[in-house]
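If you check Swiss-Prot, you get these features:
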- 13-135: domain 'MsrB' (DOMAIN)
- Cys52, Cys55, Cys101, Cys104: Zn(2+) binding site (BINDING)
- Cys124: active site, nucleophile (ACT_SITE)
Amino acid sequence: MDRTIDDPVEASENDWRSKLTPEQFRITREGGTERAFTGAYWNHKGDGMYRCICCGAELFRSDRKFDSGTGWPSFWEGVNPEAIRTIQDVSHGMVRTEIRCAKCDSHLGHVFQDSPTPTGLRYCVNSASLDFKDKT
């Protein structure tokens with residue numbers, strides 16, 4: 001289902017629980033983090049688009065993915081600036097920048113300014129918050 005940023009997805013907690021696996025719910029709706037090197041996409045090499053598992057919004061292109069050595073899928077740029085929103089995260093005694101899907105407000109991960117990429121950014125994303133659609 002394709003939606004625009006101006007057409008946000010709203011659902012009840014029960015709706016999300018019925019749509020998502022327990023791990024996907026914990027990460028996307030409760031702000032959890034999967035263990036490094038355990039997610040389906042940390043070492044994924046497919047050619048296509050990574051979408052939000054909750055609403056299907058296009059978030060990251062595979063040609064913007066790189067191996068950061070962290071054990072999570074890492075991208076140096078989102079599909080467009082409006083697809084991902086950022087908020088300050090002060091949990092766990094740290095100050096970080098959380099990234100969320102702009103359409104459904106699902107937690108994706110965090111963005112850091114520490115990568116040797118064209119933007120200098122590393123979008124560190126939980127695999128459980130993503131669905132991959134092959135280009136073919």
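Along the chain as shown, residues are numbered 1 onward.
Note: Cβ is positioned from N, Cα and C throughout, glycine not excepted.
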Using the Cβ center of Cys52, Cys55, Cys101, Cys104 as the Zn(2+) site position, which other residues in that chain lie within 8 Å, going by their Cβ?
Val9, Ile53, Cys54, Gly56, Ala57, Ala102, Lys103, Asp105, Ser106
Give the number of CB atoms, excluding that of Cys104 (Zn(2+) binding site) itself, located within 10 Å of its CB.
20
Residue distribution over DSSP helix, strand and coil in the domain 'MsrB' (13-135):
23 helix, 40 strand, 60 coil
Tell me the Cβ neighbour count for Cys55 (Zn(2+) binding site), meaning other Cβ atoms within 10 Å of its Cβ, over all protein chains shown.
22
